């Protein structure tokens, strides 16, 4: 890796934009947690996994906010603490994002049910919290976390650029898992989407009348189908700028300090919670309707299904039904 360039200066407007992104992400993650607490009947297994992703994103947004606000000029105790928290939360967010995709694949395509599902969720907890924690503790103990001149961050602390094996630790504390997610997320969601499309085609051969009604009204599964494409697409669009700056830093390119790249990197790393909120709250009719009713103080009408709509699953059964496999966003 070439000798690090002079520190990237974080302009006031850049800092303001990234701080706003942190706040919106924290609010979005908090809203996801609140909807989970308010409405027990929406607590499918997939949305419970989404809850843990939201907690990781909330911690990530808070730690990034402090780092951007401080705009560290060197390694200090709070720089190391902030770097450790953001490293743990960010890496955990990668693991939970992939865990949700893997869960949907196994549940919908492989029809995994019963005790196997419970064991799978426990495995997700062990890996998605345990691996990031172990990596972060090792990085702190070996004094790898510190000031990074904002070349691979946007004001916050991450891996100390003075460390000789900094590239290895950058990979271990985020970039390796980030690049794996670029591959796994599109692959898993495309497999799920392909399976659902095949199921719909087979069903339409035996239920042409039902299918016609769905086409007239707009099939509830069509929104889930779109989100199966949007979930990995949004993840990549947010995270790719971080990867671009990482590669530019490895090459010693001065382009790494370009204001546009800096801002895109800052938003991409901090807005994951906000993006999840848009996808799984604001773009989810069942949650959005209840939320608007609550905010506007309107009494929520008794659950009523329009003609042709599927019956809402009972508590805990959203992911268990084989007829209408649910994305945690439908």
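Cβ atoms are placed via backbone N, Cα and C, with glycine included.
Summarising the annotation, Swiss-Prot assigns topological domain 'Extracellular' to 1-15 (among others) and lists sequence analysis as the type of evidence.
What Swiss-Prot records for 16-36 (among others) is transmembrane segment, and it gives sequence analysis as the kind of evidence. Beyond its flanks by at least six residues, the transmembrane segment (16-36) meets 42-43, 47-48, 50-51, 54-55, 57-58, 60-62, 64-65, 68-69, 154-155, 263, 266-267, 270-278, 280-281, 287, 290-291 of its own chain at Cβ-Cβ distances under 8 Å.
Per DSSP, the topological domain 'Cytoplasmic' (37-48) is made up of 9 helix, 0 strand, 3 coil. Under the heading topological domain 'Cytoplasmic', Swiss-Prot lists 37-48 (among others).
Sequence annotations record features per position, and here Swiss-Prot assigns transmembrane segment to 49-69 (among others). With a threshold of 8 Å between CB atoms, the same-chain residues lying at least 6 positions outside the transmembrane segment (49-69) that come near it are 10, 15, 18-19, 22-23, 25-26, 28-30, 32-33, 36, 78-79, 82-83, 85-86, 88-90, 92-93, 96-97, 99-100, 103, 121, 124-125, 128, 153-157, 266, 269-270, 272-273, 276, 280, 328.
Here Swiss-Prot flags 70-87 (among others) as topological domain 'Extracellular', drawing on sequence analysis. Residues 7, 10, 15, 59-60, 62-64, 132, 135-136, 139-140, 145-147, 150, 155-160, 173-174 of the same chain lie 6 or more positions beyond the ends of the topological domain 'Extracellular' (70-87) yet place their CB under 8 Å from a CB of it.
Residues or ranges marked as transmembrane segment by Swiss-Prot: 88-108 (among others).
Annotated topological domain 'Cytoplasmic' per Swiss-Prot: 109-119 (among others), in sequence order, evidence recorded as sequence analysis. Predicted-model confidence for the topological domain 'Cytoplasmic' (109-119) is 76, expressed as mean pLDDT.
Cβ atoms under 8 Å from those of the transmembrane segment (120-140) belong to residues 45, 48-49, 52, 56, 80, 84, 87-89, 91-92, 95-96, 99, 103, 106, 112, 159, 169, 172-173 of the same chain, restricted to positions at least 6 beyond its ends. Annotation source Swiss-Prot lists transmembrane segment at 120-140 (among others).
Under the heading topological domain 'Extracellular', Swiss-Prot lists 141-166 (among others). Taken residue by residue, the topological domain 'Extracellular' (141-166) breaks down under DSSP into 2 helix, 4 strand, 20 coil.
What Swiss-Prot lists as transmembrane segment is 167-187 (among others), and the listing cites sequence analysis.
Residues or ranges marked as topological domain 'Cytoplasmic' in Swiss-Prot: 188-227 (among others).
Nonlocal intrachain contacts for the transmembrane segment (228-250), taken as residues 6+ away from its ends with a CB within less than 8 angstroms of a stretch CB, comprise 1-2, 4, 97, 101, 151-152, 167, 170, 175, 178-179, 181-182, 185-186, 189-190, 192-193, 196, 256, 261-262, 264-265, 267-269, 271-272, 275, 279, 327, 329. Feature annotation from Swiss-Prot assigns transmembrane segment to 228-250 (among others); the stated evidence is sequence analysis.
Taken from Swiss-Prot, the feature topological domain 'Extracellular' covers 251-259 (among others), and the record attributes it to sequence analysis.
Panel annotation: around the transmembrane segment (260-282), residues 8, 10, 14, 17-18, 21-22, 24-29, 31-32, 35, 47, 50, 53-54, 57-58, 60-61, 64-65, 68, 90, 93, 150, 153-155, 227, 230-231, 234-235, 237-242, 244-245, 248, 288, 291, 328-329 of the same chain, lying at least six beyond its termini, place a Cβ under 8 Å from a Cβ of the stretch. Among the features that Swiss-Prot reports, transmembrane segment is placed at 260-282 (among others).
Sequence annotations record features per position, and here Swiss-Prot assigns topological domain 'Cytoplasmic' to 283-330 (among others).
For 303-330, the entry in Swiss-Prot reads region 'Disordered'.
For the topological domain 'Extracellular' (251-259), residue counts in helix, strand and coil come to 6 helix, 0 strand, 3 coil, using DSSP.
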